[in-house]
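Worksheet: one structure, shown below.
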Ligand SMILES: Nc1ncnc2c1ncn2[C@@H]1O[C@H](COP(=O)(O)OP(=O)(O)O)[C@@H](O)[C@H]1O
Ligand SMILES: CC(C)(COP(=O)(O)O)[C@@H](O)C(=O)NCCC(=O)O
Ligand SMILES: [K+]
């Protein structure tokens, strides 16, 4: 069995994947912050032969986890952001400083669609661009929905945005504090995603397929105006591409990959951008 770990700033996600059939056998998540207890919070290691890790948590969390796993499991692969991988060149001045979850997303997006705008809605919302040909441009980092809400300190943090709300409702003026905050941060997030996507496509002269992942992917997706696909396992897909182990992975098939979204024509993106500037 393969154990895949995606350690984010809020949640540490894990899944067990069958090395033979490539099926996902089980999955879960635990809080990354203080409560993270390597050893207690991850599944039964006796059945695991290989581990793959993407981690952006504190260095000590990764070091502890790695140590624990190395004592118990045959092979442990830890993903790193590099200058180049799988046909993609990292746009960062110092490639190693790009969050490895973003790098995994960029690699997975490129493998799937040959170019991509990857939107990862977690503790932070990150938006990364890879052009046809594999040039990663770099990207954008903004606070995620939960962080934006916490920063306001208005006592509304425990009232989450209902992921089933319609975008129209979420964009209406709030009539109570919780509503005003939820709608405000939602507007901040989705308008940034919509605008950044249009600006970069316009600038680069190419309409890119958009892929959305992370804990808030579903709710953010409702406010995104351009065609896109949600890909919950996108970071894991980057791990599969970097460290292929199963027959399916060696053949380039990534678990849970969506049908690549077909972007709208560049002219339409440009027209919408020009129009929005007039208002
Ligand atoms: N059941 C949940 N538990 C915790 N956070 C959730 C849950 N559902 C959605 N979220 C949202 O998802 C975010 C965490 O998403 P995730 O992509 O796992 O983040 P990270 O990779 O930064 O740890 C939280 O900040 C929160 O806004
Ligand atoms: C930007 C991030 C905090 C996002 O992390 P996440 O929200 O997925 O927990 C992470 O990718 C990170 O620590 N990056 C290093 C800085 C950078 O990418 O420039
Ligand atoms: K993120």
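Even glycines carry a Cβ here, placed using N, Cα and C.
TrEMBL names 6, 7, 8, 9, 10, 11, 12, 13 for binding ATP. Of 123, 151, 165, 191, the residue it gives for the same site is 123. Maximum C-alpha to C-alpha distance over the listed ATP-binding residues 6, 7, 8, 9, 10, 11, 12, 13, 123 is 13 Å.
Of all the recorded positions in the list 92, 101, 102, 120, 177, the shortest Cα-Cα distance to residue 6 (ATP binding site) is found for 101.
Of all the recorded positions listed here (100, 101, 102, 120, 177), 101 has the Cα closest to the Cα of residue 8 (ATP binding site). Same-chain residues with CB within 8 A of the center of the 6, 7, 8, 9, 10, 11, 12, 13, 123 CB atoms, the ATP site residues themselves not counted, are 29, 32, 56, 57, 122.
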